[in-house]
Amino acid sequence: MAFALRFFTCFVLTVFIVASVDAAITCGTVASSLSPCLGYLSKGGVVPPPCCAGVKKLNGMAQTTPDRQQACRCLQSAAKGVNPSLASGLPGKCGVSIPYPISTSTNCATIK
C-alpha cells in the first residue's frame, strides 16, 4: 500500500511537469481515470470494473493526435512505477484497442 501511495504521489507531481499545451488531455485526467487501476497494476489479480471504466473513458477522450501523444506520455511516465506486463495488457483486458503499446520505450511523438 505504501508503494502505491508513493507511486501515485510521484505520478501526480509529474502531472504538472509533463502537461502539453496542444493537448486537451492532461496527466491529471489520465491519473484520475486510471486511479482505480493502481492495485491491479502493482499486484495483478482481477481488473476491477471501475478500472476498465476509466480505461474506456480515457480511450474515448483521446481522439486527436495531440491528445493521443499526451496520453502516451502520461501513461509512459506512470508505467515506470508499475508492472510493465500488467500495464501493457490492461487495455486488452478491458476490451479496448489502442494504437500503441504502453511501454517506457514507446516514442510518443510518432503516435498519430
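Note: Cβ is positioned from N, Cα and C throughout, glycine not excepted.
Within the set Cys51, Cys52, Swiss-Prot assigns Cys51 as the partner of Cys37, by disulphide bond. The disulfide bond recorded by Swiss-Prot for Cys72 reaches one of Cys10, Cys27, Cys108; that cysteine is Cys108. Disulfide connectivity taken from Swiss-Prot links Cys74 to one of Cys27, Cys52, namely Cys27.
Closest by Cα distance to Cys74 (disulfide bond), from the disulfide-bonded residues Cys37, Cys52, Cys108, is Cys108. For the recorded site, Cys94 (disulfide bond), the DSSP three-state label reads coil.
With the fewest other Cβ atoms inside 10 Å of its Cβ, the least crowded of the disulfide-bonded residues Cys27, Cys37, Cys51, Cys74, Cys94 in this structure is Cys94. When the neighbouring Cβ atoms lying within 10 Å are counted for each of the disulfide-bonded residues (Cys52, Cys72, Cys108), the highest count belongs to Cys72.
The two recorded residues Cys27 (disulfide bond) and Cys94 (disulfide bond) have their Cα atoms spaced 20 Å from each other.
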